[in-house]
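Structure first, then comments.
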């Protein structure tokens, strides 16, 4: 079982990244929050969990243990597989998922692609008592970071991530600039998610 990877980030795609470790490239599927913390050509460490099927072995990557545990926990719900668990973490932070489930907010959970009313209610029933403590398990680095002005480093890093995801700088920069101007308190991962949301509506 591969539980973590440390190596050079070779490429970043729309939903995955390739990390080379000792000459071997591993494709890791991940949510935008995780991909947004990676930079091509730089060293990175990601926590992983492997999902084994009859014809495939797939690695999923995370920036912190709380996110990885939530990914595994979500799959304990009948009918909720790894793709849906990853979709949940692409829409919400681990903290948000725990809060929506604990609060019985089925309407919020239905914002996850592929989750209807019945699945949302099942998630609440099955996991309401199991998400206690998840908010406390998220490291400070993963919490929203407040700032008074737009951090230039955040803009540069998010722009690089967007270009790595296949968007041209000409298209991505105006969208990202607007996102950060309207919400300068956003962290890198939050800004990436917001920019991807806007860029997605333009396709």
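In case you wondered, yes, glycine gets a Cβ from its N, Cα and C as well.
Feature annotations, courtesy of Swiss-Prot:
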{"type": "REGION", "residues": "1-63", "note": "region 'Domain I'"}
{"type": "REGION", "residues": "64-142", "note": "region 'Domain II'"}
{"type": "REGION", "residues": "143-150", "note": "region 'Flexible linker'"}
{"type": "REGION", "residues": "150-203", "note": "region 'Domain III'"}
May I have the DSSP-based helix, strand and coil counts for the residues of the region 'Domain I' (1-63)? 4 helix, 39 strand, 20 coil
According to DSSP, how is the region 'Domain III' (150-203) divided among helix, strand and coil residues? 41 helix, 0 strand, 13 coil
